[in-house]
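Visitor: Below is a structure I'd like to ask you about.
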Amino acid sequence: MMKSDGNCQFRALADQLYQNSDCHELVRQEIVKQNMSLSTNSQWGDEVTLRVAADVYQVKIILITSIKLIPFMEFLPKSQKEPDKVIHMSYLAGIHFNSIYKKNKEKGSRSSSSSSSAVWMKLQRKKENEAKKKEEEEKERKDMEKEEKKKDKEDKKKDKEDKKKAKVQKEKKEKKEKKNRNHHFHYSE
């Protein structure tokens, strides 16, 4: 039974494709490449996402529904050839997807657990790379802030020096003018 967390369709697809419903984020990411509106986790999947999933993974998806008028639906990839893999899912009461298997076939026998482990490792590496990238971006942002503060400090220092120079020049000018006035006054006596 898939968790009812808004990711049930992607969990069911991950379970069918990789025998690991925890790979639902990877499945979502692959489908999102085709349909950007689904990038938010817990955004419900629908018929469109099943069509995209059939295309992305080149599989036939058979969806058993609880709808009397439509007991099942098939989703095929756009390619003309018949897909090698068929996956089965259920859609209950119009609100929840599950991964289902034929009774005589055990879940683990569908493929080796090593492929599931490889997918899990790929997902973990991707998460680690994203975290590392985020960390690098944060460091770069902090370095830029530090550089801006340093530049601001230098600019303030330069402004202070410029004001000091302007004050000295003004004082010199005033002194010179005063001297000229005194000198002029001296001659008029």
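From the backbone N, Cα and C atoms, a Cβ is placed for every residue, glycine too.
This is the feature table in Swiss-Prot:
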type	residues	note
DOMAIN	1-103	domain 'OTU'
ACT_SITE	D5	active site
ACT_SITE	C8	active site, nucleophile
ACT_SITE	H96	active site
REGION	105-189	region 'Disordered'
COILED	120-181	coiled coil
MOTIF	125-132	motif 'Nuclear localization signal 1'
COMPBIAS	126-174	compositional bias 'Basic and acidic residues'
MOTIF	163-170	motif 'Nuclear localization signal 2'
COMPBIAS	175-189	compositional bias 'Basic residues'
Visitor: Should anything in the same chain at least six residues away from the motif 'Nuclear localization signal 2' (163-170) have a Cβ under 8 Å from its Cβ atoms, list it; otherwise answer none.
Guide: none
Visitor: Take the C-alpha atoms of D5 (active site) and H96 (active site) and report the distance between them in angstrom, rounded.
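Guide: Between the alpha carbons of D5 (active site) and H96 (active site) there are 10 Å.
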Visitor: Near D5 (active site), how many other Cβ atoms are within 10 Å of its Cβ?
Guide: 11
Visitor: C8, H96: which of these active-site residues has the sparsest Cβ neighbourhood within 10 Å?
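Guide: Sparsest of the active-site residues C8, H96 by Cβ contacts within 10 Å: H96.
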Visitor: Note the mean pLDDT of the motif 'Nuclear localization signal 1' (125-132), expressed as a whole number.
Guide: 75
Visitor: In whole Å, note down how far the CA of H96 (active site) lies from the CA of C8 (active site, nucleophile).
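Guide: C8 (active site, nucleophile) to H96 (active site), Cα-Cα distance: 6 Å.
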